[in-house]
Each structure stands twice: as structure tokens, then as C-alpha cells.
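The annotation domain 'Cobalamin-independent methionine synthase MetE N-terminal' is assigned in TrEMBL to 4-321. The annotation 5-methyltetrahydropteroyltri-L-glutamate binding site is assigned in TrEMBL to K19, N120, R528, C529, W574. The region 'Disordered' feature in TrEMBL is assigned to 391-427. Among the features that TrEMBL reports, compositional bias 'Polar residues' is placed at 391-403. Here TrEMBL flags 404-420 as compositional bias 'Basic and acidic residues'. What TrEMBL records for 439-762 is domain 'Cobalamin-independent methionine synthase MetE C-terminal/archaeal'. Residues or ranges marked as L-homocysteine binding site by TrEMBL: I444, G445, S446, D612. The L-methionine binding site feature in TrEMBL is assigned to I444, G445, S446, E497, D612. The feature Zn(2+) binding site is assigned by TrEMBL to H655, C657, H666, E679, C740.
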Amino acid sequence: MVHSSVLGFPRMGKLRDLKKATEAYWADKLSKDELLAEGKRLRLEHWKIQKDAGVDIIPSNDFAYYDQVLDHIQMFNAIPERYSKHGLSTLDEYFAMGRGHQKDGIDVPSLEMVKWFDSNYHYVKPTLQDNQTFKLSEDSKPVRHFLEAKEAGIITRPVLLGPVSFLHLGKADRGQKVDPISLLDKLLPVYEQLLKELKKAGAETVQIDEPVLVFDLPTKIRNAFKPAYEKLTALQGTEGPQLVLATYFGDIVHNFDVIDSALKGTHALHVDLVRNPEQLDKVVEHLGEKQILSVGVVDGRNIWKNNLKKSVEVVESAVQKLGKDRVIVATSSSLLHTPHTLESEQKLDSDVKDWFAFATEKAREVAVIAKAVTEGPASVKSELEANAKSLQARATSKRTNNPEVKKRQEGVTKEMHERQSGFPTRYDQQKEHLKLPLFPTTTIGSFPQTKDIRISRNKFTKGEITAEEYEKFIEKEIRDVIAVQDELELDVYVHGEPERNDMVQYFGERMDGYVFTTHAWVQSYGSRCVRPPIVVGDISRPAPMTVKESKYAASVSKKPMKGMLTGPITCLRWSFPRDDVHQSVQAQQLALALRDEVVDLEAAGIYVIQVDEPALREGLPLRAGAEREKYLSWAVDSFKLSTAGVKDSTQIHSHFCYSEFQDFFHAIAALDADVLSIENSKSDAKLLKVFIDEAYPRHIGPGVYDIHSPRVPSEQEIKDRIEEMLQYLKPDQLWINPDCGLKTRGWKETKAALGNMVAAAQYYRSKHEQK
């Protein structure tokens, strides 16, 4: 019999229940017991959804109040002393690591948070010490959750992040020199103890994720798998459960020597056949004699209906080689990256809605494929016929193809990607035009989105207020934001984006080719959820999208006003893209739409324009090589196409999340943006050395404080960051700004933090002007 499995399920709940409960707890409106009870309710609900869908193997320990890697950090007692020394409750200590803590005399920033592989999910980075020790927490969360499900009559497969991935994805704490992988011998006994406890609780199998196997790994990491899994697999069947080793987001062909030497002893191996279907035959050849293969054929990263007929054929090809008892049908990865259920979408056009499958529907797809292979296609005839009808309807729909868009793409020339002059000439004109001081200060774009803003937007959406009333409200919000910037004495202003719901959704709603949902929320980090728009057809801009608000803001501002746009790669990566057209084609369509917007902003008197590309790094293929260079080529071209239509005197900015860009710095330089702002506050300033090594000639704004936390940095703390930065950057290169936009922050902390930032910048400005 071919079994079905899901590698993980979304945590937030149908109506973002976990987000609401967690934020209520942070605001002291919900007790600890009430929060924990809500978490338990959601876990039981999600297990039952999967059971009702017919899934055979249901995951547990995929739930987290903030992040699954943070769960492991706390579970293994890998907690830096700056968090553990305050005597906080276990839950508050956990949240302090995730989001910082500034309360009751305790002031501690959060741990570093970075993207989970090439997804838009963020994980908390294990931060390790030279004298690091590990100890399993007394309240073993994986065991507790397994027993919860068992009590409800559901036997689950607990999910753990594997020891090699946990360490490789970690880092040495500031001032520490430890190589994380050198701690493996200290960490393994904790895994052994945990596996024994799970076996004692009744767990027959455990999913142990080692996603780093899709990377090009250093030799020391590759070599770590053998001692690790010799110990862990030795427990199988006796003292410990059977291990299902899971990989995802890429192929593992380049690491077959690791599979052969270290991992054939695991009970089963999971591979992602959505991302890399061509690896199937080679993986089969490298399986152990009795090792089971879990084939990930249902996409855990996108929302399109599965091609059931094609998936059944893939699974049957594996069955022909291995037999039904050695094949499991699975999602390609955890379904964490998909919305909860399509049932909540009552406003989507029925013809388009029929093209999609969210997490709940994907669980059913997995079960249908497994049944088709086990009992034959006739056993699910109606499901297969309905699926084929949906796929055909989408393929032939007029909504997918726009001849005018294709015609415009055919007319794109090489010259359209280049600015009129090189940076030195542009900078001379920009200095004369903008007259900015040394160490210019600005923000990344958004200011706090208050409850009043959300209420007014909701009223306008529901037709409860007129367009004129809403416009007047937005103009007042813009004036208020400008007044705050006047008070703070910032140098380049923004209008605050009060009219925008999301940095991608807002633009998608104003372009043809997109559709939108009402409840298709996906977790980004912590309690932060996003509702990605869906690209269903060729993309174009029927009218200006941001010009009205930016022009109004400039008319009531005494400083240069910065126009704010989301770049083509981020619009694409933070949407659910089409799977029937290459992403480079979709990116170019977006670039042409944004090019029109950039030119219109300049014509309206906006001479500083920021085109954000925080997802550029995220889209980078996980392995070096030809695929990565191809991606960078079309991604860079898309950005340049969107920004190159302006005069030399107009200053183009761009913003990037995270400073881990050493391995593709040549592409960053090739963007030819006049100013780059980068998320950097929790990264080592040494990472900025690449700007010296590569003789980067343009301007940079490394973030000086973390906006993901409500904590307010002191003026001295920001001065210290600037001092660090000046070891690697020239004074006339350096801009002073926060890490990211301020949308999720409150006004009190925003004003305090920006006030300290401006004071620190003015201190250095005065200091250098006196020289």
C-alpha cells in the first residue's frame, strides 16, 4: 500500500487565530494559559483537518508560537545568557529571543532573523557560544505534542530539524569564535535522548529534516553527516523510532556521496520532485536495500492545483522500481508556505478559484494520488476527471494571455536597460539638485499603520465612505507623517504609505494579470502574515499607481520627497507566480509596468525614487552555477529596465533585506542604483568589507537598528553602529536609515528610535565637517 503524508501544516489558523492570540498576549490582553490553550486548540484542529482529508501520515511538532528553529534553540537550551539571566518565564524568554524585550528594566534585542532558504519565511538563527553546552528541556515539546494528538486518537509523525542543519544554519555569537559544526558531538546526545523519549511515548517514525543537503556544502559539513547518523540510526527500532530523513527546495544529486556513506541507514528518504523532478531515477539508484522513498509531488510552495494524472504517473514510476510498500506520496515540503484553505475565499471568481489548491486542499490531493496508485485510477475517477477539467480550463482561458503585453516585450532593447550616464556624472547632478548633507538620513518607506488607518481602509473597501472622504483621510495622514519628519529633522522624506495595504498587494491590485484573496494569509515571521497576490495572466499597468499620493506629499514638504515602489523581482517573488510561464517573462512584464510608473513619478516632481528589491537575494538559486547566473542576469535586467528611464539628476534608491550578498555582489553592483539600503543591524559590520574589496563606488545605507522588534535603540547604540560602518565605508558613501519599513511598529517607539538615529547622524555630520 502506498501511504500519503504531509511534511508540515500552516500554524496560523483559518482566520489568523494564532496571530491574534499571540499579539493579544504581547499586549497583556491575553494570559499565558489562554495563549497556550489557543495553541492546543489549533493543533488539534489542524491534525483533524489532515485526518479528514485522508492523509495517512500526519506531522506533529510542526506548530510554533513564533518559529520552529527558535523552538529548537530553546528546547536544546542553546539560549544566550543575555536572555536566560533575567529569570523570565519560559514563554517570555522564547519571545524575547524572537522579537526582543524592553520591559520591567530588561532591555535585550532579538536574535538575528534570516530567510528560510529561498522562501519568504524567516527563521531565528541559532546563535552559539565558545563554551556552548546543550541540554534537553524538561518540557519536551515534540513529546508533548505527540501525546496531545495520540490522546485525540491521531498517531502523528513528529518533525525535528536535523542536527547538521541546525548547526550549519547557526552562527557564532558576536565576539565568539566557535565554528557551529564543531559542536556536533555535544549536540548529538540531546537528539539521542529526545528520540528515545519519543519512542517511549509511542512514536514509531520521526521526520528529521536536513534541508541543507540541497546546498553545495563545505567538506566539514558533508563529513558531519556520517558520525551524526551512525549514532541516530543505531537507535532505530530498538530504543528509538524509525527516521524519515527529509530534504526539500532542491535536488540532492550532488550530495549522493553523503547519502551513500551516511544516510542509507535511515528508514526513509524524502525528496522534492516538484522543484527537481529529474532527480527521481538517480535517487532510486542510491537508496538503501530496504529504504523507503517519500516522493514530494504536491507543491508546498505554490497555490496551483496539482496535475493529478501527471503525479500519479511519477509515483507509479517509483512504485515500478521499488514496490508499493517502499513509496510514500507526500507534499514537496511543509505546507507552511501556503494559505490555510480555499473554502474561505468567497469573493474569487469561480472560474479562477477552480485553478487553486491551498493547504487543506493539498492534503486531499496527496491522499487522492496515494489512493489512485494503491487501488487504481478508477477508485478516484471523479476526482481525476474534475482535476483534468480544471487544468484544461486554465490552459485555454483568455485571462492568461494579453497580446499587447507580449508585443511590448518584443520591443524591449538593450539600450532601455541603461541610465543616460555613469554614476560620477549622475552624482554631480544629484548633489546640485538635491543638496543633501553628509550622512543623509531617511527611512525605508512605510510609517506605522495605525488602527485608524486600517479602519478607514476597511470602510472604503466596504463602500461605507466615499472615495473623496477616503482621499481626504489619506492626505491628512500624509501631512501628519511629514510633520513628524519635520520635527525629527530627517533629510529625505517619505509619504508614509498610509494608503497601502501591503508592498506587493497594493501594486498588484493596480495591475492587470493579478487576482486577490481575502483570507489567503501566509506566515512571514513571528505573528507577521502576508496575503500574496496571485499572478494568473500577462501583467500590465493600466494607469499610474502611486503618483497622486507622492505628488501631494511633495507639495506639502520642505525636503526632497522619495517615491516608493516595489521592484519587479519582489513583486514576483512575494506573489504566487504562474507555473506555466517562466519567471523571467513575468519579471520583465512587471519591469515594464514599473518603468512607466518611475517615469511618471519623475514627471510629477519626484526626484528621489526607491525601487525596493528585498526579495532579490531570496530568489537566488540555492546552488552556485549556471542556473544562478541565469537568474541574476534576468533579475538585474528587470530592475534596470524598471529604473533606467529617468534623467541623471533623479536619484534611484533600492532596498535589500539582509547583507548576505557576498556570493552575488557583482549582481548588486550591476543594478547601478545610486543608493542601496540594506538590512544590517543584527549582522556583523565586517560583512560590509565587500564594498571595499569590490571598490563599490556608489552610496550605501546599512540599517542602524532593527525594526522587527518594538525595542528602542539608544543614541549611543546607533553611534556605535555608525562607527563600525565607518571602518568599511567612506563618510560620503554612508546614508543613515533603519533596517526596513516601519509599518508594523507603534508611533511611540518609532519617534523615539528615529530621534536617536537622527541625533547620532548629526553627531557624526558635525564631527566630520569640523575636520
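Quick reminder: no glycine exception, Cβ is built from N, Cα and C everywhere.
Restricting the binding-site residues K19, I444, E497, C529, W574 to those with a CA within 10 Å of the CA of H655 (Zn(2+) binding site) leaves I444, listed by sequence position. Away from its own ends, the compositional bias 'Basic and acidic residues' (404-420) comes close to residues 426, 513, 538-540, 585, 588-589, 592, 595, 637, 640-641, 643-648, 652, 672 of its chain (Cβ-Cβ under 8 Å, at least six residues beyond either end). Residue environment of C529 (5-methyltetrahydropteroyltri-L-glutamate binding site) contains 17 other Cβ atoms, counted within 10 Å of its Cβ in all protein chains. Model confidence over the domain 'Cobalamin-independent methionine synthase MetE C-terminal/archaeal' (439-762) stands at 93, taken as the mean pLDDT rounded to a whole number. Other residues of the chain with a Cβ within 8 Å of the Cβ centroid of I444, G445, S446, E497, D612, the L-methionine site, are T443, V494, M503, M564, Q610, H655, C740, G741, L742, K743. The CA atom of R528 (5-methyltetrahydropteroyltri-L-glutamate binding site) is located 17 Å away from the CA atom of E679 (Zn(2+) binding site). With respect to their backbone Cα atoms, C657 (Zn(2+) binding site) and G445 (L-homocysteine binding site) stand 14 Å from each other. H655 (Zn(2+) binding site) is surrounded by 28 other CB atoms, counting those within 10 A of its CB over all protein chains shown. Sequence-distant contacts (6 or more apart, same chain, Cβ under 8 Å) of W574 (5-methyltetrahydropteroyltri-L-glutamate binding site) comprise N120, M503, V504, V530, P532, T566, A615.
In sequence order, S446 are the binding-site residues from K19, S446, E497 with a C-alpha within 10 Å of the C-alpha of C740 (Zn(2+) binding site). E497 (L-methionine binding site) sits 5 Å from S446 (L-homocysteine binding site), counting Cα to Cα.
Note: the CA-CA distance between G445 (L-homocysteine binding site) and C529 (5-methyltetrahydropteroyltri-L-glutamate binding site) rounds to 19 Å. When the Cα atoms are compared, D612 (L-homocysteine binding site) and E679 (Zn(2+) binding site) turn out to be 12 Å apart.
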